[in-house]
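Since the structure comes first, as structure tokens, the remarks are kept for the end.
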Amino acid sequence: MPRATSERFSKAHKPSAKKSGTSEDPSTSSVRNPIFNTERFGQHILKNPSIAQEIVEKANLRPTDKVLEVGPGTGNLTVRILEKAKHCTAVEMDPRMAAELTKRVQGKPEQRRLEIIIGDFVKAELPYFDVCISNTPYQISSPLVFRLLSHRPLFRVAILMFQREFAMRLVAQPGTTLWSRLSANVQLYAKVDHVMNVGKNNFRPPPNVESSVVRIVPLDPPPPVRFEEFDGLTRIIFSRRNKTVHANFQAKGVAEMLEKNWKTWCSEQDKVIEDIKMKQKIESILEETGYSDTRAAKMDLNDILKHVLLSAFHDSGIHFA
């Protein structure tokens, strides 16, 4: 993964005078200025300075904080982060944007407190950080959330902007229309709150959908549940969220996958692999726990998924990853 600070950019990365385009003036045209043709990265530049300021204020930055910013674009959030934090590491996929951000702080005191990593956030080697702030490129919304939640040591808070529907799924509660596998998986490891809505006209180019900002605070300590196991369970029961749990476990390939996992577990535990009728075993567990006829759309995270259903399968040596 190429890494570059503002002092390491080559001439090829430096913008020409015709591509200055760093103003927050909304009249700048994405057609006349190709640096803002960012759709292929799913990125839309936040142009409203008051919205940018409000997002940074929501993070309650401290003078000692090290901040990770994902998708800085031309730096409208970055410059405000640098006003309050000790250091900012910005991960930017587009070298043109990185060059614009470099130019924006060049020769200023903030230059020494900014590091730019050019490349894919999902694959980048992340430094230590206290806070994450992101105007998130749309196509990495889900990978970004789970990359952050798996990062160690735990960060203090993340203030993240997403498409509104994605943001609403993050904060959805059991029994609501948007309660989903994503909701359950994220809320297992973090407290998630909706912070503010951001209209599409605050971006350049304007996206086709509205946006929202959420606050994610990881649970510390995290729950003693292996994510791969929990995700494997929710993948099955939320495959058809309005069907019963029993019906989802009867789906093609599920019993075969769990039997394979069971045999692997027996081998690792030096247990004799006996003949097992996995479908009957699954039905027995679901009946004993009382969730055979329950629908995922109505299932509560803490009382059911984490403590009862997953544990019941594990007690029988059946694993999901």
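Cβ atoms here come from the backbone N, Cα and C positions, even for glycine.
Per TrEMBL, the feature region 'Disordered' maps to 1-34.
Taken from TrEMBL, the feature compositional bias 'Basic and acidic residues' covers 1-10.
According to TrEMBL, the compositional bias 'Polar residues' annotation covers 19-34.
The feature S-adenosyl-L-methionine binding site is assigned by TrEMBL to His44, Leu46, Gly71, Glu92, Asp120, Asn135. The local packing around Asn135 (S-adenosyl-L-methionine binding site), expressed as other Cβ atoms within 10 Å of its Cβ over all shown chains, amounts to 25.
The domain 'Ribosomal RNA adenine methylase transferase N-terminal' feature in TrEMBL is assigned to 51-220.
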*asked:* Let's check the environment of Glu92 (S-adenosyl-L-methionine binding site): how many other CB atoms sit within 10 Å of its CB?
replied: 29
